[in-house]
Amino acid sequence: MWDSETESVVGGRDFSNGVLTTSKHGVKTDGFEQRGQSWYVATDIPSDLLVQIGEVGFHLHKYPLLSRSGKLNRIIYESREAELNKMVLDDIPGGPEAFELAAKFCYGIAVDLTATIISGLRCAAEYLEMTEDLEEGNLIFKTEAFLSYVVLSSWRDSILVLKSCEKLSPWAENLQIVRRCSESIAWKACANPKGIRWQYTGKPLRVSSPKWNEMKDSSPSRNQQVPPDWWFEDVSILRIDHFVRVITAIKVKGMRYELIGAVIMHYASKWIPGLIKEGSGSGALAEDGSNSTNSNGSGSSWKGGLHMIVAGTKEDTPTVHAKDQRMIIESLISIIPPQKDSVTCSFLLRLLRMANMLKVAPALVTELEKRVGMQFEQAQMADLLIPCYNKSETMYDVDLVQRLLEHFLVQEQSESSSPVRQSFSDKNMYDGAQRGTNPNAKMRVARLLDSYLTEVSRDRNLSLTKFQVLAEALPESARSCDDGLYRAIDSYLKAHPTLTEHERKRLCRVMDCQKLSIDACMHAAQNERLPLRVVVQVLFSEQVKISNALANNSLKEAGESQYQPLISNRKTLLEGTPQSFQEGWAAAKKDINTLKFELESVKGKYLELQNEMETLQRQFDKMAKPKQTSAWTVGWKKLSKIGKTTENNDMGSQVANAEQTKKLPRRWRNSIS
């Protein structure tokens, strides 16, 4: 349908199977002869004009050329020389090959038009001004007709012509050859794969044993199924500017964004060595491509009808210089679809690595960082290990990861705070829960960040501030367990043994001891690199967790059977837990008991020291020197003693008299009686 080989007559115009001829010529010739770097007309008439193009010379005749070329005619007649027999045309598009074909056309020699030469011949005809004003059916008209009715109707020829336009700038652009071929390719790429009948470059099929359903149904229609990525290999041979034109036209046609992203990844893997891992396909479309076969129903070794002509082989991978690679990366960044998941996060990170290495424009790098932040939870730790290409002491670009994390948090907050925008994005994204409503996104990022911190912590030039800022970038709710963070902290302490006690305490503040598992607590209890205060906090938090677990289990067992004692509850708890938990719990309990015993010993020693201190204090008070007294003081003391003695005597006499008075009446009563 679209093959130029089957279309020789289009719209009533006879192209003689692509053979271009003219019946009017003034010099009879059998053709052109090449002698060294020069071309001669095979005729008896001597040549009177030499056309020099680079190192190639053409010995021709004026009349056949001047009758069809307005430019040559004007150069001859406007020249000051009476007999001009030489002219230089170094700037002719297509070079000597295109001029040779144009000269043969002027002499009436048959020219076989093909897709590989038509663009150069069309531009050369425009340069030589071979218009209809000079002669009807001139070269411009015939080449333009072949382009419009043959080339643009064929997928194969459109690709080849667009490829050949790479050396014809700006003539191919001005003549709209690039635009027309790009639109033709875009229209055919967006066509329904079920209706495709033209040849294209396929991918090698994966050799595997046939499944039962394939053996059961081996009809030709099934074997001729066309995958949705059938056009990837063909458009990937184009230069980056023409590839951008094709992708832009495909976007206008309304192709799915995931297919556009997949073809961008395929193009990048072909033109930027090392960007894509070996063996990784272009996305989820690989399995679809594995079912495609050629129209002839050949085996798995078929690589498509254009593979040897258009696509080449893996050994023909183009070598691209750094400047060209930078232009390719900048162009690819600009045409990536804005939808999330149009390309993988791994591809974006690898593209970002190359962009930093090749010093891509900062605005495009920032845009690429935002794209990575949109799907940062899909990243792999190996892709985050981007070397620091600027003048920095650190091995990896930690600041870049910090920016990516900030973009992720900003995107997360904006999506969660705008329900209208979220509902709109659901219509344009892949099916499934979005990250704004997926609480596991932050948890995945937290695990990824902990692994990254563990890796970069081995760098001795990584400052404590950068480590702490990156560790505290995520909210506390993002981590349900701090084992990964503890591993990163321990690795940092190993690589930085000269940290002070204050710096170690500051480092350990980023970790929550209550979120550590039993294994991490056991390791932390024996870790000499941790501050003592952190070790005590770890042991205390673990004891609290064990006590709470035992208490909860006791309450549960008491509710089920009140007659069982507490010991059976503990046994039931231990029997219901894994063996590793029981061993860890026993070891932790032993450590806690040891610490309790040591604490009681310290308390007893403290009380003994306190009693000894009080005894020494009393002895010191007794041994202190007595106070010095004056003579007046001694005198007053003696007088006070005498006064006290006199008073005692008076009181004694008074008591004796009183007793005597009490006894007298008694004696009188006795005497009377």
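Easy rule for this one: first residue shown is 1, then count along the chain.
Cβ atoms here come from the backbone N, Cα and C positions, even for glycine.
Caution: TrEMBL annotation is automatic and unverified by curators.
In TrEMBL, the annotation coiled coil applies to 592-619, one of the ranges 424-451, 480-507, 592-619. Tertiary proximity for the coiled coil (592-619) is limited to same-chain residues at least six positions away from its ends with a CB under 8 Å from its CB atoms, namely 539, 542-543. Helix first, then strand, then coil: DSSP counts for the domain 'BTB' (47-115) stand at 27 helix, 15 strand, 27 coil.
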